[in-house]
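**Student:** Input: one structure, supplied below.
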Amino acid sequence: MKPIVYMLLFCAFTVVILGHPNNHGALIPHHDKLPNGESCTRPGYSCSESNQCCTPVDGETFTYGCGRAWMEGSKICYICNRESSMC
């Protein structure tokens, strides 16, 4: 019983430390409109081109784009830190 509890605690701490795997930058502040006034595609949602995606408010720290998601067949919008190797 004790090893099972330890394993569950380890898994819980791992999820808390590493975060949810499908975040895609949705919690990073971003603009909800494109320059032409149309709504943009939010991070984590399907897209076909980068110009459809919402841009980050802090463009110097964060980058955005439309790319293929890991374990998903379609392209999605993402926002991530420019210095992150996970982007």
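Any Cβ shown, glycine's included, is placed from N, Cα and C.
These came from Swiss-Prot, pasted as-is:
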- 1-19: signal peptide (SIGNAL)
- Cys40-Cys77: disulfide bond (DISULFID)
- Cys40-Cys54: disulfide bond (DISULFID)
- Cys53-Cys66: disulfide bond (DISULFID)
- Cys80-Cys87: disulfide bond (DISULFID)
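Have a look at these and tell me how they're positioned relative to everything else.
**Tutor:** When secondary structure is read from DSSP and collapsed to three states, Cys77 (disulfide bond) falls in the strand class.
Look at Cys54 (disulfide bond): DSSP puts it in coil.
Of all the Cβ atoms in the protein chains shown, 25 others lie within 10 Å of the Cβ of Cys53 (disulfide bond).
Cys80 (disulfide bond) counts 19 other C-beta atoms within 10 Å of its own C-beta, drawing on all protein chains shown.
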**Student:** Tell me, by DSSP, whether Cys66 (disulfide bond) is helix, strand or coil?
**Tutor:** strand
**Student:** When neighbour density is defined as the number of other C-beta atoms within 10 angstroms of a residue's C-beta, which of the disulfide-bonded residues Cys40, Cys54, Cys77 has the lowest density?
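**Tutor:** If we count Cβ atoms within 10 Å for the disulfide-bonded residues Cys40, Cys54, Cys77, the smallest count is at Cys40.
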